[in-house]
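Annotation comment: TrEMBL describes 189-476 as domain 'Peptidase S8/S53'. What TrEMBL records for ASP198, HIS234, SER438 is active site, charge relay system.
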Amino acid sequence: MVILVYPPQTASLSRGQGNVNQIEETLSPFNNPGNVDPNLITELTNAPGSTANIFIEFPVGSSIVLDRFETLSFPSREDKITNLRAALIAQASGTQAPLTGLLTLKNIPHTTFWITNQLFVPNANLELVKTIATFGTLVSWLRKEMVFPLIDPVKLRSDHTLGMSTIQASVPWNLEIIGANCPTIEKPGDGIVVSHIDTGVLFTHVELIDSMRLTYNWFDPVNRTEKPFDDNGHGTHTMGSIVGKTVGVAPHAKWITCRGCPGGSCPESPLIGCGQWVLCPTLPNNTKPDCRMIPHIVSNSWGDTIPSIISILLRDRFYLDVIKVWRACGIIPVFAAGNSGPACFSVGQPASFSQVFSVGATDMNDAIAYFSSRGPSFDNITLSTGNQSSCLNICRPKTTNGLCIQPIITPTVCAPGVDIRSSWNTSPNSFEVISGTSMATPHVAGVIALMIAENIGNNKGNLTYDEVFNILTSTAVKIDIWSKGLLSILSDILCNGLIRPGICGYPNYVMGYGRVDACAAVTAVRNKALNMAISTTDILDEL
């Protein structure tokens, strides 16, 4: 899990649009027209000759294009994605043309992110920032790039000495407790592609070398390296928990990955670059995009630690545009809830968004991990009227006029995240035992892979996000929080209300809808497919 560092933001003000003839003129002293982060100006002014990586935002985002595409029909998922990508590129090219023309004319490196309609300029100096500011209403906001530093695992213990025979001799406790080794799971990820955005993957690892997709499997937005690698270990570990041969939930699934956190730091530009790549993968040199190679699921063990109760005031929804495009194209996003527990309201973005699966961590006793971030989330808070049952349950807060406050249930579900053994990057045979919601998240991505594989195996096609949500949450194990020790009891009292969970029940703001159960979820998918087949037969008989 990583920490997001936010720059302060102010409202944008209008100003006459600049043009190429005006670009050499700079304001001295600089009169900020309101579209530049004042902290960026202060930083560059106080350090003469310094530069900063900057992001330029434009008034029009991806929502307009997405809304239009929701009304259109396409012969296939791939056709929709290809056309959506082209429309987003066209929008970005049109709105950014005056600035990209200037930057190209001046031989200034820059990158257009069409998925969010943003422009990234590395190593911008103060004069360039002042020049861009003169473009007025064309630029809604200019700020410094945000950076997500990857934090250390909560716990680390080496498993190098165990040896392969010992490791492969038994089913890891984390897979056993969620039922990933259930004998009725006959298709443990067959035909499914899972991506993740992380530090990379040691593709030669014994757990992973056979499950890497042969082509369109890797993108490094920063260095454009040809083959997957991992100079941190985090990404190799998380991918092992998803598809590892003996340590993974869905060992028959194929993996692809994008290096959004190079060296353990997750800058905004590679994260968004990875967001684009996941939507329509390219070759490692960023050529020949092929939207047919889109994954089913994308696992993200990164995010910020600013509580959602604060982030709603900031109105900063980092990565939400990317997530909305993913969802529109049928990609299921899974995010780590964070390691900022046991405090309530500690789930940060993007895990706090209602559009994703957010994942908390449990231990081998099915107790919530002390570090696992708790809810609720107040992103996109809604109010509703009606009786108490409309408020999720009687433990949810009410307003004085009878309206019902409905925060988002975060985490969505929990999964094993304490002392998780998985592959490591130091050698093709190395393993590590680490803890965190980063380790829990891959379990949920793996379970979803099992569910989709089961549905496809029964000739019922892909599962929608809503179908996965309904099955995953309804089959999750409802742990008795009050039987798991004082810390769990205190979390329940503070985060859920002053009533015993026997009344409050699930969902709640400590464990969401419960701890995932792979066996029950896959069985539910199979029964759903069977019931659909029976219903179809009945209809045909009546005809």
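Including glycine, each Cβ sits where the backbone N, Cα and C put it.
Unlike curated entries, TrEMBL annotations are predicted automatically.
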Please give me the CB contact count at 10 A for SER438 (active site, charge relay system), counting all chains in the structure. 33
Taking all protein chains shown into account, the Cβ-based neighbour count within 10 Å for HIS234 (active site, charge relay system) is 28
Enter the number of other CB atoms within 10 angstroms of the CB of ASP198 (active site, charge relay system). 28
Give me the Cα-Cα distance between HIS234 (active site, charge relay system) and SER438 (active site, charge relay system), rounded to a whole Å. 9
Pairwise CA distance, ASP198 (active site, charge relay system) versus SER438 (active site, charge relay system), rounded so that it is a whole Å: 10
